[in-house]
Amino acid sequence: MPLRNVMAENNFKMLKIQQCVANKLPRNRPYICNICFKHFETPSKLARHYLIHTGQKPFECDVCHKNFRQLVHLERHQLTHNLPFSCNICQRHFKNLKTFVKHQQLHNESYHNDVKVRRLLETKQEKPVYGMCNTFTADERWALHPCSKSDATYSTTKRRKNIHACTICGKMFPSQSKLDRHSLIHTGQRPFKCVLCSKSFRQSTHLKIHQLTHSEERPFQCCFCQKGFKIQSKLLKHKQIHTRNKTLQNLPLKVKSPESCPLPNKLNAKQDAFESGDMGESEENNPLDVHSIYIVPFQCSECEECFESEQILNGHKCLPARGGRVPSRLKRSCNYKTIVKKLLAKLKRAGGKKSDDLQSEKKRTFKSNYLKNCERSSGKPNIEQTQRTFVGSLSRHGSYKTVSKKKKKTLALPFSWQKQFQSQNTGKSLQGILTTGSILSMDGSVNNKDLSIYGSSGEEYLNCDMLQCGFSDSSENIHTGHKMCPCDKCDKVFPSISKLQRHYLIHTGQRPFDCNVCGKSFRQSAHLKRHKLTHIEKIPYSSFWRVDFGNVNQLFIHPSDDVSYNASQQCEGLGSQSCESSESSQVSEIEVKVEPEDFLLGSHCRSRQSYLANALVESEQSHHCYSYLGRPERSDGLLYQCSVCCKHFRSPSKLERHYLIHAGQKPFECSVCGKTFRQAPHWKRHQLTHFKERPQEKVVLDSTV
């Protein structure tokens, strides 16, 4: 069939499909793929779809030897090798006549000038009509739209008439294909498998992303720092670092005195380190350098709280009814510690000298329970009570070291808390500088000799004798910045309801996740998955054995009698295997039987059975046979139990070697001195002693023993 007829037939089929879509005629798709559950109209399309899962590309190009999954793709590719239209000026080839004619017109100068003039006239005519506005506002869109704003009957679900719901979890999906893809989560199927590492994935896109890990190619490159990435999403996330650096340079800088500085000394000390590169300068000698410049990212004019972005600042509202408190939904954004940490990271990325003293100069800001107690109390708060509640949070933090013993360390409290201290008429104007020369130990104890809080006037606000009591348990969660969910039974606090519900399982004793292998139950699914790995590691030792002696007393009567073995193996399906032994003296006959477990594969059982039969027949270490029974209850890796002393071993070879102790046999004999040994390594190590005594003689090691 000529190529033009094939293309015409394919175009006719596509036109027919487009007409069906335009008329919204239902299409019958009775053929379903059993791997990804897609529907198809004909069995030929289903067979063509199976090539995706198998990875076959049967159609090969004769010119460049490229493979394609469909014949149409091959025919379209062959057109690239046959370009009938060639340009005489630039020697370019084209496969389409229309594109070739357009290309020829580009070489014509008159045509090129006519196009420029025409485009210039079109732009001049459009300017007075539309002006500079290229888009409509929201009100203009409603004016142009036939529906009114108050039309309550209009619903977005009219555009999606066919909404498919999952019968298991009740989720809604706009198409059947997405519902089928979602059903793979409940069935646990992962049809797309990696050829290199045998990992399986639920979607083909996930497999393609995973396959990039096996290759060293990084096609997506950053235009700023020339760093390469394998995924485009990681490149876009990386570019945000460069954009943040540009926006950081545009932040306003203000100069304030130490009395009105709202940011802690941590940020100012870090910024001075970037500018000067010297952390050794004393803060007491020049305090203005510490508070000279600070960055105001997005600050509220009323309560002087700092926020990460302008959007969070616009959502922040300081109302008198709230008493200056931040709403609960914005608590995370107002976490002072995280804001300072992010600003320091931005300063470090923006440029500056890196110093080891920066890491040693890490300081932490501590929140107090003072505001909470002040809100509950109606009158003037007790000074002694506020002193106890404020300092108690210091004992709940970890180790805190100073840079040197000579210098004191200062910690600044947030300005909003300082303002609250001043508004309570306590008689002191607290600047909020915590000076300490001591070290807080890991157990939370505080050395109170050099620990005190000073106000802006330099007078001592809280002395050493006041720092002895602690907060209540509820105050420990004020500075976390998360939504707290307390447990009503044990008074534990959790950041989310899901973690609280998981904690309730401890009080109820429920363990909803059961192991289908050993029957153990777990409280979390992660613990169950981690436990299942222990069963996967035991698959090489797929059969569980136990050895029983017929008569233990007869083991020690004739230790030197010869034993002849007759092994017979039955390999029908998962059948049993027997190994009979006959001895010259009166020893009870013993049989070896294997009973495979249900959860293990038959191939592993058969390979283990054949291996054990050959090991028993070929080795003459043991003169007695044993019977093996399944013992799946052990989960510590010791699967093979001795019936005499009840010891457990990890492999049958170690168990056989152990039985030589009960039998009193030492099959390895030294040909020089006549000593016998239970193991071959012991015998070889003994042979070296004779070699050292007689270095000139050659000791021949019999490898057949």
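Keep in mind that glycine also has a Cβ here, set from the backbone N, Cα and C atoms.
Which of 59-81, 128-150, 450-472, 611-633 counts as zinc finger depends on Swiss-Prot, and there it is 59-81.
Per Swiss-Prot, the range carrying the annotation zinc finger out of 192-214, 330-352, 537-559 is 192-214. As annotated in Swiss-Prot, zinc finger covers the listed stretch 485-507 rather than the other ranges in 393-415, 485-507. Note: the stretches the zinc finger (31-53) and the zinc finger (640-662) are not in contact (fewer than 3 CB pairs below 8 A, sequence gap of 6 or more).
In this model, the zinc finger (640-662) carries an average pLDDT of 87. Across the zinc finger (485-507), DSSP assigns 11 helix, 4 strand, 8 coil.
Listed by sequence, the residues of this chain that lie at least six past the ends of the zinc finger (192-214) yet keep a Cβ under 8 A from its Cβ atoms are 52-53, 55, 181, 184-185, 230-231.
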